[in-house]
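Worksheet: the structure to be examined is printed underneath.
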C-alpha cells in the first residue's frame with residue numbers, strides 16, 4: 001500500500017471505525033484472501049473484543065497488507081452492501097493520488113452491529129482459546145500499537161477501564177491569591193483549566209472544577225472526593241493548577257499553595273487516596289497531575305547540536321509558578337532518596353517540572369506542561385499507554401524556551417493504563 005493509500009485510511013480511520021459493519025466483512029475478506037483465518041481471529045481478539053476495537057485493528061492491519069489491500073477492501077465493502085463507505089473511500093483515494101491536501105475526514109454516523117451479523121464459524125464462543133499467535137506486521141510501523149492493543153484486553157498487563165463514566169476528575173485551579181500571600185495572579189491558568197476539563201470529559205470522566213481555594217478548602221475538596229463510593233468506577237484523576245514550592249518529604253516531593261498562601265504537600269494529597277483513606281479505589285489507578293513549581297531554580301539548560309526556534313515565539317510571556325523555599329536548614333529536600341520511598345500501589349504523580357525547579361506558564365497560551373499534555377493526549381491516547389504518553393510530554397516540553405523545564409513522574413502503577421477513548 002503506497003503512502004497516499006495509507007493517508008486515506010489514517011485520515012478517515014476514526015469515522016470508519018464507528019461506521020464499519022465489521023462482522024459482515026469477515027467472509028468477504030477471507031474469500032478475497034486479504035486476511036487469513038488466523039489473522040481474522042487476531043483482529044477479533046483486539047483490545048476488549050468490542051466491535052469498535054475490532055474495526056480499529058482491521059483498519060490498522062490493512063495498512064500492512066500490500067499495494068492491493070485498499071482496492072480489495074473497497075471491493076469487500078461493496079460486496080457486503082456498504083456502498084456509501086466504499087464510495088467515500090474510493091473518492092478520497094482518487095483525491096489523494098491527485099492532491100493529498102484534498103482529503104477530508106469522513107462525516108459518518110456510527111452503526112451498532114448486533115451479534116447476529118457474525119458468521120457462525122467465526123463467532124467468539126466457538127473460537128478455541130489459545131495464546132496470541134505472532135503475525136507479520138510488515139513495514140507499517142504498527143507492531144507497537146498492535147502489542148498495546150493486545151495489552152488492553154489482558155487484565156494481567158493493563159488496568160481494565162470499562163466503566164462509563166470511567167471515574168471522577170477533580171480540577172483545582174488557583175488563579176487569584178490574597179495580597180498577604182505575596183503570590184501573583186496566575187494569568188493563563190484558566191486556559192489550562194479549560195483544556196483539562198475538555199480533555200478528561202472526552203476520556204469519559206465526570207469532571208468537577210473548583211477555583212481559588214484556600215489550603216483548607218483544597219484539603220476538604222480532596223477528602224470529599226476520596227470519601228465517595230468509587231466501587232462502580234475504574235479510575236480517579238486529580239489535576240492541580242497553582243503556585244508551588246519545595247517541601248520536606250518522605251514520599252512525594254513538593255507542595256502546592258492555596259489562595260491564602262498556605263501550602264499543601266503533594267505527599268498529603270496523595271495519602272488521602274491510599275488504601276486506608278479510599279478503600280473503594282483499592283487496586284484501581286489514582287492519577288495526579290501537578291502544574292506548579294517545585295522550587296525557584298531556573299534551568300538554563302545545556303547546548304546541543306540543534307535547537308527549535310519555533311518553540312519560543314517572540315510575543316510569548318512566560319511566568320514561573322514558584323515561590324522561595326522557606327523551611328529551615330535542618331530539613332533538606334531529597335528528590336533522589338529513592339531508597340526511602342514506600343511503594344504505594346496504583347498511584348502515579350505527574351509533575352510539570354523536576355523537584356526544585358520552576359514551571360513555566362505563558363500568560364497567553366497557558367502552561368507549557370498542560371498545553372503539551374493536552375496535545376499529546378489528543379494525538380496518542382487512543383493507542384498508547386499513559387507512561388508512553390508522559391514520555392512524549394517530557395520530550396516535547398524539554399525543547400521549549402530559553403529557560404528549560406522537564407516534566408517527570410513518580411510511578412507506582414502495577415500495570416499499563418490505556419484511557420477509554
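FYI, residue positions are counted from 1 along the chain as it appears here.
Glycine too: its Cβ is placed from the backbone N, Cα and C atoms.
TrEMBL assigns the feature region 'Disordered' to one of the listed ranges (278-302, 303-327, 328-352), namely 303-327.
Per DSSP, the domain 'Caspase family p20' (165-297) is made up of 38 helix, 36 strand, 59 coil. Note: the Cα of residue 243 (active site) and the Cα of residue 293 (active site) are spaced 6 Å from each other.
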